[in-house]
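Inspection log for the structure reproduced underneath, given as structure tokens.
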Amino acid sequence: MDAGDASRHTIPVRPPEAAAVPVESNSLLQKRAAEFCNLVLETYKRKPLSFWFLLLLSSAAMLVAFTASSLLSRLYYANGGKSKWIISWAAVAGWPITALVLLPPYLFGRISPTPLSLKLFVWYILLGFLSAADNLMFAWAYAYLPASTASLLSSSSLIFSALFGCFIVKNDLNLSSVNAIVIITAGTVIIALDSESDRYPGITGKQYTLGFIWDILGSALHGLIFALSELVFLKLLGRRSFHVVLEQQVMVSLLAFVFTSIGLVVNNDFQGMRSEASNFKHGEGSYAMVLTWAAITFQLGVLAGTAIVFLASTVLAGVLNAVRVPLTAIAAVLLFHDPMSGFKILSLVITVWGLGCYIVGHSSSSVDS
């Protein structure tokens, strides 16, 4: 009797049923992970290795260069720089770098320059003027705002990249993208509500507000430039080879340099460079190094961004431009000891969350198509 009772009480009845749910859940998770891995592998096989190398190199260069350029702009003002035109001029003064990169394909690659039609030249003039104006707007922003705040506000360029890409280039704008736009807009509003917490000494409320406005306008113009650049590739240049990207960047940067140089002369800032350098913190050598590296990093960042537009789309360029926001904000706190209030931390978290929504939404739409 005792043995029978013992054997009867050890018969498992409930445990297997209870264990069925996690086993099924694990198998579903493994199935989806396998599908994702297969999707990544298939996407990888669709393009040659050279494509992925250029895309990875361009993405890394854009993140590093634009982050460094933003920090150097703030360093210029923090160490005694005053002129908005000079830092704008430095941003496009590095255009010969791209011209030098373009020479080997012409000399050794049996590649001839793309014919410069009147219509294409007019587009270059427009993009050059918009780039010069964009640089000037961001110069005003970094003159009056902490680098962390300015970078968080510039995340709104993702909003404008998505909107302009939708209306001008007919890129898809799905529900996740709209959700990301709303979230990032909320992050920008939080920064506006907390405007008194991170204002530098000596900066008036009017100047802070002016920097805020110019940052948003510059971000909008940045998104427009991305969309128009993609339109030029699609309608006029085609997607033939990478040297087309270099040609476009040389022409746009050269014309932006011309427009900015005119503004520099009219504003008499060329004459003021020497006195500004003599009063610069750590001397004239430091002044020259800041402007030189600002020219190099900005040119590399814009070139990389243009390459991403050519290799992928305005969407990816906008995403990477937003990815640099938390990088710049964190670096500014570490290097410049920017104030980091609770509102600003909340804005940073919301911005990163909105960026994640945008990436997931775009990835989902790419899989469906």
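Even glycines carry a Cβ here, placed using N, Cα and C.
Just so you know, TrEMBL annotations are computer predictions that nobody has curated.
Here the transmembrane segment (51-73) has long-range neighbours at 44, 87, 91, 138-139, 142, 147, 150-151, 154, 242, 290, 293-294, 297-298, 300-301, 303-305, 307-308, 311-312, 317, 320-321, 323-324, 327-328, 331-332, 335-336, meaning same-chain residues at least 6 beyond its ends whose C-beta is under 8 angstroms from one of its own. Among the features that TrEMBL reports, transmembrane segment is placed at 51-73 (among others).
The feature transmembrane segment is assigned by TrEMBL to 85-108 (among others).
If one looks beyond the transmembrane segment (120-143) by at least 6 residues along the same chain, the residues whose Cβ comes under 8 Å of a Cβ in the stretch are 70, 73-74, 76-77, 84-85, 87-88, 91-92, 114, 150, 153-154, 210-212, 214-215, 217-218, 221-222, 224-225, 228-229, 232, 236-237, 248, 251-256, 258-260, 263, 298, 302. The transmembrane segment feature in TrEMBL is assigned to 120-143 (among others).
Per TrEMBL, the feature transmembrane segment maps to 149-169 (among others).
Same-chain residues lying 6+ beyond the ends of the transmembrane segment (176-193) with a Cβ under 8 Å from its Cβ atoms: 149, 152-153, 155-156, 158-159, 162-163, 212, 216, 322, 343-344, 346-348, 350-351, 353-355, 357-358, 360-362, 364-365. The transmembrane segment annotation in TrEMBL covers 176-193 (among others).
Distant neighbours of the transmembrane segment (213-238): 114, 117, 119-120, 123, 126-127, 130-131, 133-134, 137-138, 140-141, 145, 150, 153-165, 168-169, 188, 244, 248, 252, 305-306, 309-310, 313-314, 317-318, 321; these residues of the same chain sit at least 6 beyond its ends, with a Cβ under 8 Å from one of its Cβ atoms. Residues annotated as transmembrane segment in TrEMBL: 213-238 (among others).
For 250-267 (among others), the entry in TrEMBL reads transmembrane segment. Sequence-distant contacts of the transmembrane segment (250-267) (same chain, six or more residues past either end, CB-CB distance under 8 Å): 83, 85-86, 88-89, 91-95, 98-99, 102, 121, 124-125, 127-129, 131-132, 135-136, 229, 299, 302.
The annotation transmembrane segment is assigned in TrEMBL to 287-312 (among others).
Marked as transmembrane segment by TrEMBL: 319-337 (among others).
The annotation transmembrane segment is assigned in TrEMBL to 343-361 (among others). Listed as Cβ neighbours of the transmembrane segment (343-361) (distance under 8 Å, sequence separation of 6 or more from its ends, same chain) are residues 148-149, 152, 155, 158, 162, 174-177, 179-184, 186-188, 190-191, 193-194, 197-198, 319, 322-323, 325-326, 329.
Highest Cβ contact count with the transmembrane segment (149-169) among the listed stretches 85-108, 287-312, 319-337 falls to 319-337 (criterion: pairs under 8 Å).
Below 8 angstroms of C-beta separation, residues 69, 73, 76-77, 131-132, 135-136, 139, 142, 243, 246-247, 249-250, 253-254, 256-257, 260-261, 263-264, 267, 269, 272-273, 276, 291-292, 294-296, 298-300, 303 of the same chain, each at least six residues beyond the ends of the transmembrane segment (85-108), sit close to that stretch.
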